[in-house]
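Asker: Attaching a single structure in structure tokens format; questions to follow.
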Amino acid sequence: MVWSWTVQEQRLGEEFLEEGMVEIAEAATENGDSTSKDADSVAAGRKDWPMLYVTTILEDPYVMARGTELEGYCIDLLEKLSEMLHFKYKVGVVKDGKYGSMSTNGNWSGMIGEIVRKEADLAVAPLTITSVREDVVDFTQPFLHTGIGILLEKDLSCEDASLFHFLSPFSKEMWAGILAAYVVSSLCLFLAARVSPCEWDGNDETPFTFLNSLWFGAGALTLQGAIPRPKSLSVRIISAIWWLFSIVLLTAYVAGFSFVLESGSEQLSIQTFEDLVKQRHLEFGTMAGSSTLRYFKDSKNPIQQMVYESMNKKDTVLPKSYQEAIQLVLDSNYAFIGETVSQDLAVARHCNLVRSPEVLGARGFGIATPQGSAWTNKLSVAILKLGESGDLDYLRSKWWESSCSQDDHDKWSPLKPQALGGIFLILALGLALGMIVAVVELSKKSRRTADQEKKSCCPVFTEELSQRFRPREIKKQETAAKSKP
């Protein structure tokens, strides 16, 4: 759908506007009929406002044809800008149906070409601001921010869960923290039992050997009773703190694992562009002549260069329109690389589509004007005001409304140590308290022994402590020496 205007037609159009009539200009060309809209011709007092001719492109939800009228995000934005800056406008669809790229002979196609040739005053569309385009046209402040992502079909992009899917409720850091807490707690239990007089018999080994301490800690993690049973206050404090830690940990694990089971046994196999390049069952591409294609072409990143080389081999992976790209993803083994803001709309409209997490090349959509246009700065200020007032957010929520139900498991992620930082802190404090109490218990016993033997307390305490950590062979030799007549 295209439109073209001569000087005479422009004058006639202005006369019709002064009479308060709504004019839909249609011109037959080799590419089809044109669709245009005069938004403000019927309003009183607007006949002195300047007329601007706007080029755009049909793309849902930015601009959509509804009979002879146009609607969408860009049309609503244009209407608000018209009210703020007091201008009238006519909208026409770009003749060649392209956004705009430079050919080998230096000529520009699409909406950028129409702005360069001054066939239009504004280009209001999902038009990405790039340095190459900025050389030939002026851009306003962005009215939408986006990046480059990968759009996939869920059934083709998901793979069966691994054998160790049961570990997914906790992150790797969380599992490492749990293992460290288990070993340290068992070690503290072993040391406290050795130091505390209530757990130690000078002639026999304490029941809390290091292996028994590990077994005791494992029994608490599975909520099972374990022997030996603690007798001293210090060992009981450490045992109680470890039991509390185990209960909180198991509760968090069971809650997380229930979400994992509800979300199914599949996970997204293509998380990054590197994953996309390495796989072989999906073809991938982007829109022909788009800024996304140029981004990968000019990139110095090895992975992104591989993406471009793969896309550049076949013309079939470079769709001519966004609708064609979505249909390729739905109907074939194809992944579409494009603007994330448009992909989010596709995910909202088609519940069997999904966008991968990685996003490249943060960028924005702006309104293009001829170089040196007096409207560029005015439109930029107006767009900033619309952003500050929340109108841009309202338009985004209006036209990006999702028809898919949002399940709770979509918001779930593996539990990290920060989420249970409090219980780790309590465990550390409990272990420290238990060790302090064990030392206090040994100090009291050493003081009593020193009083009875009329010795200094420090040497007795040192002797008591060293006796508890002597190797078993030395103890047997000392016992044998004492038993000889």
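Please read every residue number as a count from 1 along the shown chain.
Cβ atoms are placed via backbone N, Cα and C, with glycine included.
Curation does not apply to TrEMBL; its annotations are automatic.
So TrEMBL has the following annotated:
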type: DOMAIN; residues: 51-402; note: domain 'Ionotropic glutamate receptor C-terminal'
type: DOMAIN; residues: 61-117; note: domain 'Ionotropic glutamate receptor L-glutamate and glycine-binding'
type: BINDING; residues: Pro126, Thr128, Arg133, Ser291, Thr292, Glu339; note: L-glutamate binding site
type: TRANSMEM; residues: 174-196; note: transmembrane segment
type: TRANSMEM; residues: 208-228; note: transmembrane segment
type: TRANSMEM; residues: 240-261; note: transmembrane segment
type: SITE; residues: Ile270; note: site 'Crucial to convey clamshell closure to channel opening'
type: SITE; residues: Lys297; note: site 'Interaction with the cone snail toxin Con-ikot-ikot'
type: DISULFID; residues: Cys351-Cys404; note: disulfide bond
type: SITE; residues: Lys385; note: site 'Interaction with the cone snail toxin Con-ikot-ikot'
type: TRANSMEM; residues: 419-440; note: transmembrane segment
Asker: Across the domain 'Ionotropic glutamate receptor C-terminal' (51-402), what does the mean pLDDT come to, as a whole number?
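Answerer: Summing pLDDT over the domain 'Ionotropic glutamate receptor C-terminal' (51-402) and dividing by its length gives 86.
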Asker: Please list, in sequence order, every residue of the chain apart from Pro126, Thr128, Arg133, Ser291, Thr292, Glu339 whose Cβ lies within 8 Å of the Cβ centroid of the L-glutamate site.
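Answerer: Apart from the listed residues, the neighbours are Tyr99, Leu127, Ile129, Thr130, Thr146, Ser290, Arg363, Phe365.
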Asker: Considering each pair of residues in Pro126, Thr128, Arg133, Ser291, Thr292, Glu339, all listed as binding L-glutamate, report the largest CA to CA distance in Å, no decimals.
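Answerer: Binding-site diameter by Cα atoms for L-glutamate: 17 Å.
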Asker: Can you tell which of Ile270, Cys404 has the least company, meaning the fewest other C-beta atoms within 10 angstroms of its C-beta, among these recorded positions?
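Answerer: Relative to the other recorded positions in Ile270, Cys404, Cys404 has the fewest Cβ atoms within 10 Å.
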Asker: Of the recorded positions Lys297, Lys385, Cys404, which sits closest to Arg133 (L-glutamate binding site) by Cα distance?
Answerer: Lys297
Asker: Including all protein chains shown, what's the count of other C-beta atoms within 10 A of the C-beta of Pro126 (L-glutamate binding site)?
Answerer: 22
Asker: Could you state the whole-number distance in Å separating the C-alpha atoms of Cys351 (disulfide bond) and Glu339 (L-glutamate binding site)?
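Answerer: If we compare the Cα positions of Cys351 (disulfide bond) and Glu339 (L-glutamate binding site), the gap is 18 Å.
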Asker: Across all the protein chains here, work out how many other Cβ atoms are within 10 Å of the Cβ of Glu339 (L-glutamate binding site).
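Answerer: If we count other Cβ atoms within 10 Å of Glu339 (L-glutamate binding site), we arrive at 25.
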Asker: In the structure shown, with every protein chain counted, which of the recorded positions Arg133, Lys297, Lys385 has the densest set of Cβ atoms within 10 angstroms of its Cβ?
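Answerer: When each Cβ's neighbours within 10 Å are tallied, Arg133 tops the list.
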Asker: Looking at the recorded sites listed here (Ile270, Lys297, Lys385), whose Cα lies nearest to that of Ser291 (L-glutamate binding site)?
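Answerer: That would be Lys297, the closest of Ile270, Lys297, Lys385 to Ser291 (L-glutamate binding site).
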Asker: Specify the count of other C-beta atoms within 10 Å of the C-beta of Cys351 (disulfide bond).
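Answerer: I count 12 other Cβ atoms within 10 Å of it.
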Asker: Taking just the CA atoms, what is the gap between Lys385 (site 'Interaction with the cone snail toxin Con-ikot-ikot') and Lys297 (site 'Interaction with the cone snail toxin Con-ikot-ikot') in Å?
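Answerer: Spelling it out, the Cα of Lys385 (site 'Interaction with the cone snail toxin Con-ikot-ikot') and the Cα of Lys297 (site 'Interaction with the cone snail toxin Con-ikot-ikot') are 36 Å apart.
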Asker: Rank aside, I only need the closest one: which of the recorded positions Ile270, Lys297, Cys404 has its C-alpha nearest to that of Pro126 (L-glutamate binding site)?
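Answerer: Comparing Cα positions, the closest of these recorded positions turns out to be Lys297.
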